[in-house]
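Inspection log for the structure reproduced underneath, given as structure tokens.
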Amino acid sequence: MEDSVGLEKRKKRRKSKEGKTLNGRQKVEEEEEERGECVVGDADDAGAAAGSDDGAEAGRIDGESGAEEGAENDAAAAAGEDAGPPAKKQKSWKGSKGIMSSEPFSQLPISEPTMKAINDMGFENMTQIQAGAIPRLLVGKDVVGAARTGSGKTLAFLVPAIELLYRISFSPRNGTGVIVICPTRELAIQTHAVAVDLLKYHTQTVGYVIGGNARRGEAERLVKGVNLLVATPGRLLDHLQSTRGFIFKNLKCLIIDEADRILEENFEDDMKQIIKLLPKERQTALFSATQTQKVADLVRLSFQTKPDYVGVDDGRAKVTNEGLQQGYCVVSSAKRFILLYSFLKRNMSKKVMVFFSSCNSVKYHADLLRFIKVDCCDIHGKQKQQKRTTTFFDFCKAEKGILLCTDVAARGLDIHAVDWIVQYDPPDEPKEYIHRVGRTARGEGGRGHALLFLIPEEMQFLSYLKAAKVPVKEYEFEEKKLANVQSHLEKLVETNYHLNQSAKDAYRSYMLAYNSHSMKDVFNVHRLDVKAVAASFGFSSPPKVNLNIDSNASKFRKKQRKVEGTRGRMSWSNLMAGSRVKMEDSFPESKVQLRI
């Protein structure tokens with residue numbers, strides 16, 4: 001995906017007025033649900049993606065104000081999740097502070113066609129991860145790269161991959177020479193778009209394979225020869241096993257992007273099978289924002305020799321993006337939606353992403369907001385792939401807008417100029433919080449705001465954020481300024497059959513998602529005021545739905561693994577045992593006013 005750093009440079013050089021835009025946590029998502037349906041994209045498919053990118057101080061925060069100086073730093077690994085460099089005794093490279101390096105692309109020993117494409121894209125100097133990884137990959141070394149979101153990892157592996165194909169004159173009749181594996185469809189599409197730009201002056205072919213669309217055309221293109229293939233794990237495995245005429249015996253390089261997310265999405269078994277099917281004699285590169293034990297296990301499985309470790313952010317004091325001004329607000333369950341509505345009405349001229357815990361919640365709140373004249377779009381795992389892709393790129397191109405989403409949008413995607421990240425439903429753990437807020441304040445000089453909704457019963461979550469090196473301030477709001485629309489909402493939900501059914505589904509999904517939280521000491525469903533929760537969904541009293549919380553929790557998790565994939569992680573409650581931060585230490589000394 002293109003780097004937001006490069007975008008800023010391109011803006012200055014070309015003075016382009018082209019707008020860019022948007023696209024969450026979801027416990028009921030589908031990344032690779034329709035395993036038999038996929039598509040190979042060609043250069044034209046990525047046209048819409050071209051241009052997409054790879055300080056909180058006391059005082060008054062105005063929702064309509066411009067970006068302010070921030071004090072936070074990146075979305076790497078949450079405290080306690082870091083398993084260290086994936087392999088012992090690796091050769092290592094560590095960058096200096098900041099995203100950019102002083103090293104220009106022009107000093108690299110790369111071909112004229114590649115250099116010309118890089119110049120066209122507006123890049124001059126490399127980022128830290130690029131300066132550390134590209135030279136090693138160019139000379140054939142295996143690399144494990146660790147860097148924050150928005151740091152330019154995509155170019156770090158695509159430039160050497162394309163150079164490899166160019167130097168050996170790889171052609172369509174040779175089949176596929178490079179495979180890039182991404183965790184989500186949208187990230188695969190973005191990565192493919194950057195590859196298209198880099199291959200502008202080359203003769204090698206490029207395509208992508210993702211779930212959700214018809215596979216006949218995809219299979220035909222694979223047989224004709226896709227030299228650089230971007231894929232999601234399930235679709236790739238499907239073709240490796242069943243597409244006759246797909247030549248991958250000549251594979252020269254395997255690249256695994258967002259490895260931690262791939263493993264979280266329950267693709268561990270798929271990855272093992274893929275690696276067994278691919279040629280052993282190859283170059284391998286693995287990139288990840290966080291280094292977990294599962295990533296270390298994948299490294300051991302994927303690499304034939306010890307890789308060089310390129311760590312850009314090792315030892316950083318904070319883990320959120322520089323320029324990110326982030327905070328939380330405490331609101332009762334009954335007033336959650338009223339606060340969200342008031343906030344969105346105030347920020348209609350901004351670019352805002354709102355995260356929910358389930359597909360049903362996204363669908364309901366999108367319909368409800370449109371009913372009450374708040375224009376918005378939505379993206380979640382139950383949508384058809386074409387709808388997801390269209391919505392995503394429409395938001396990316398928009399100068400302003402509101403996107404409601406599940407965590408399908410929380411990782412890896414590069415969405416330019418997002419002003420606010422709103423976590424309406426709380427994340428499952430600090431690492432998930434970090435990935436969500438990583439959609440804003442990306443790249444060198446990026447600015448943005450993040451707002452976390454918490455009910456009083458969830459305040460302990462702040463101690464976990466602090467332990468994970470995520471500093472947040474409290475955003476206060478004047479309750480008397482909240483829109484007085486509760487009675488109108490209840491009447492609307494009561495009289496509109498479609499909204500009523502959608503609200504019931506959303507309410508049920510919210511309760512089940514809440515009960516499936518791994519941090520039971522913070523998110524305890526039995527502490528919720530169900531009448532207040534029901535009010536936030538537009539009900540005057542709790543609707544009659546089958547909750548059966550205790551027995552349905554495990555079923556809910558199993559369903560989620562089918563649709564979105566298991567997260568395969570250690571419980572933060574267990575991880576933090578013995579190292580709790582006092583609650584009073586989690587609260588800031590000063591508060592910030594939230595304008596509504």
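Each residue, glycine too, has its Cβ placed from N, Cα and C.
Unlike curated entries, TrEMBL annotations are predicted automatically.
TrEMBL lists motif 'Q motif' for one of the ranges 103-131, 306-334, 364-392, namely 103-131. Mean predicted confidence for the domain 'Helicase ATP-binding' (134-309): the pLDDT average there is 94. The domain 'DEAD-box RNA helicase Q' (103-131): residue composition by secondary structure is 16 helix, 5 strand, 8 coil, according to DSSP.
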